[in-house]
């Protein structure tokens, strides 16, 4: 048994019960972005969070223990994603990757935007020509240091 | 000769003259994100834009014509990027890809966030614990239709 | 359990009952192209569509719920397809890819043909030298914009 | 020297002279789809066609000989294309590949749509919600035979 | 259930019963090459052929239906085969691929040897220095056409 | 300098002079299959053969020395060939690979068809429905031995 | 069921019974190298050999039939092996591959060392600085021939 | 400039002068295996060895300095080698890799055969049925230790 | 059954019982680094060690036998790891790989740092700006020798 | 021109002048690990550092400007390194990767060891059984946070 089995249980329960991630997040008391990632096997829950998630999705005590163990991360089956929605993000990295690099270095110098000390917010942006997806990412800048 | 040669000329001129992308963007009159991507060979310039860019970087009339041709896009040398800054964005797609998918579908239904009708803004976010990189992306939601 | 299991149930039922996709599409009331893609796990059905498909293929209520969830798309087991029929389409992209790019940009400027706001019609084209497969694709042109 | 060098000469001449593929095709007297593919190094020209193309793009007699030699085909630098316009076609093969397979077999039996005895027509389809790209492909059906 | 399961049943039955492909082919009344490929999941049988094959290998009525469905073709687990016998054919393509291309184009012009309108005959060629494998392949030449 | 440079010289000379492989083979006094492979950098020539080939294509004494050195073999730029003519042979290996394996083992036992002690003959096979490419391959069977 | 299942049975029986390959080879009456490869699913046994192996590892009559069928060879899960012991052999091919090629061609001319008409002997070589693994390989030289 | 350039100079000089690796090795005073690998850019020479090699192949003082620098090793252009002679060694690793592993562990326990503290001898083994290539490898066994 | 199954049993038992690797290591009497690697299927245990580990995790006698067999090593599912923690180590190899090579060769000459005669110690390094992970690796230097 | 050209100039100058990285580092006044990585194109220098490095290696003013630009990092030509010294580090990640993950999470919880806020020290560790390479790495632990 492994975390992947718990993730599958959660996804199946969600489909059959018709739950929404936003409602799950409300009950956990954290952002929908973090909670969804956690339920999909990418983040580690505390015992309290695992208990709430376990209650919502009908998970056993053993399942809840797995939720508290740091998972092997990576949620995609192939290096280049085949799903069109996820591919668009990969395409952004491909087309704009060198732009990210130039502009962050211009502003901050040598270093990276952390993907660990990181948060994200995803919202609907109403627009008369068709609503838009708006994503705000915020990651701490970490400078390379000399030694 | 090709667009890649023009991109290399631009990068070399920028290094030797010590220019900043933000200043180039000011002279072109567009966002620093779009202008940087264009100068790095990912976007297509109008004749007017090409003339301004050409003047800044000392490009010939022939070089400017290449800037007005739609380039073969993709700015990374490998499918999984090796550069740490760019890799962090790939990691975000890898770790959060399924979360992007779930939350966008929950809010909008089946479809994608456009990477074409898309804009982006990258800013420094001051923070006493260490400044942060803040990136706001906005892409039109495009629904799959039945037919 | 997952959408893949439902797809397998549908394919097995189709083989054993000797059904035709065109007939399934007639009962759903949509094109055979969209309905086949949906039954093969690439599109999302409404509750009504899922009920019809469920009745045809003998699917449970739970199976029908999976049909209403946006699937992880991509219907091929390898990046370069091994099946000769599907490979021929990949070959067309390989041989004619740069031609598609040149002619669409010549007519429309920088942008793409949408694969989301897209429809397709596949017909037999009678020909005395041997009938032909005729495929008409129609996708909205999406221009890159400056910002 | 090789066909690739001639292709680069043609592309460079086209950019600098501001030519259109449709006009080149008119002078050759064939479809813009075939002529573009030929100029991009995918098809073989007759001596007469090579002479016309050579005159348009200022090619030497030697260059024209290369145009008459069957090229090593394949116009993309990577197995999964990185350019967004070309990727969309790859995505169609990925998402709809199994649908192509099912519907062609349902209509014709076991075999393939030829990518050799093949022609294609690409047109602008005016639409009040935004013009569309319309592509009609026609390939002879080739049945597998028993022996 | 799928065609792959039926292929496995056939292979297992063949091993346990000690059958020969040549005998199976005799009963089907076609070449051993086509019949072996069909039994290995690469070709589509008629109802009559499926009934004969089913009787030989003890297949159920459902199994026989799968034999009549066009399979997803490709019989190798990796892009470069690891089995030494099969690799030698891949090596021939690798070493002689450009020779095939030159000589077929020299004789026929631009086009391909069909792998669909194709037949093959594999025989033992007695030789005092050690018997040889003789394979005769015959595929229709398909010319590229201008349009 | 290397064998690859000599191969390129030969190909360029052949294109510009309009030579035929069959004629080159006649002058060398061997089959067109072997001679073409040798000229394309896959086989090793004797000094006499190199002198004849050198005279035909205008090669220097140094070039001729390279022809007498065993080359690093493999004539394709990618593991899965993109050229449609060559791909068809790869497809045959993919679709018929397991059939080759079964039938050779059934006739000969465990072992391989040699790709070294091998010869090949490629001919036009006239056919009222369209001429065919006929290829006869003959390779010594090499049995695995116990020890 | 397949040869792989029999290989797994053999490995499991060996672990649980604490057998040694050298002893198994003694009972079969062949070298430990060939017998180990055969038990690991790479070689084909005669009925007599299969009976002995079957007795040692407790295999059924069906299992023994599988041992007499030529297997699909290749004993590694990835193209570049991850196991350190096996990787060292891959490293030898990588570092010394061009040396093997040069020295064999210098001694024998164009051709290969057979991996089929091949035998191998692996021994402990006592050494005061630490014992060594000594491997002697012997493969027939197979010359390329002209035709 | 780099070690690769020096390797190319050596190979070119060897072809044009018709030298033999065995003779080069005699002059260096070491085995032909080590000297060939060194000349092909895989090993590091002392100043004295570099001077001898430099004299034989007409290398400059700068070239000789490169021979004394540890090179980036790996002599093959692809992960799976395409050259038939080198591929046979890769095939041996593929077919016999698990056998190497089993027999070395059976004799020595957990650890590896060193590819660094390693030597090799390649000889012609006369045989009335056709001469054989005999390769003896000797590598120190390195045990994993507990700590 | 295989070592992988035993590894899964150990991991599951550890999660459900809430054990710590450091405590397991104490009971085995070796470093936490070696014991963790062994429990994760990378090292070979003695009968005594297997008995202790078996008692801790509730393993059967058969399971314990598997722990005493040398495993097929490699603990990652993909060549480039997707998990962010493990990727950082891959990134260090990517960014600092050439530095490792230069500095070790500068100090020791041609050779490698052994990954077999190797030990490692991982500690928390308290730091007022945030605690650090400190890893000390020690591997015997193995020189290439001439022969 | 690019940073890669400057890296090549530095390496060539170092080989021809017989310099040592430790001495270069002394003149720069930083660790040999950081300075070597910087000279090999992985780190960014200040104007002062670039002037010192430029003087040592005879770099032009333009070259020195490139040293002050953040480079595209990644110092290896392939995803799995072929050089034996560098491969050993990749092997450590492969064999010990899951151990790194378990022990760091056990000590610190969910997060990573930074490869940016990171330093490294490489030393010779004298040992009567053969000197050892000792590497101490220190990276800040970065915890994942909930939001």
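Cβ from N, Cα, C; glycine included.
It should be emphasised that the depicted structure is a prediction, and the values quoted were computed from it without experimental measurement.
Quick look at what TrEMBL lists:
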type	residues	note
ACT_SITE	B:88	active site
ACT_SITE	B:91	active site
ACT_SITE	B:114	active site
DOMAIN	B:75-147	domain 'Cyanate lyase C-terminal'
**Study point:** Residue distribution over DSSP helix, strand and coil in the domain 'Cyanate lyase C-terminal' (B:75-147)
**Key:** 25 helix, 27 strand, 21 coil
**Study point:** Cα-to-Cα gap, residue B:91 (active site) vs residue B:114 (active site), nearest whole Å
**Key:** 20
**Study point:** Local confidence of the domain 'Cyanate lyase C-terminal' (B:75-147) - pLDDT mean
**Key:** 97
Revision key, fill the gap. Excluding its own, the Cβ atoms lying within 10 Å of the Cβ of residue B:91 (active site) add up to 23
Review point. Which ones, of the active-site residues B:88, B:91, B:114, are Cβ-proximal to chain I (under 8 Å)?
Key: B:91
Review point. Looking at Cβ-Cβ distances, which residues of the chain lie under 8 angstroms from residue B:88 (active site) while being 6 or more apart from it?
Key: none
Revision key, fill the gap. Around the Cβ of residue B:114 (active site), other Cβ atoms within 10 Å, all chains included, total 21
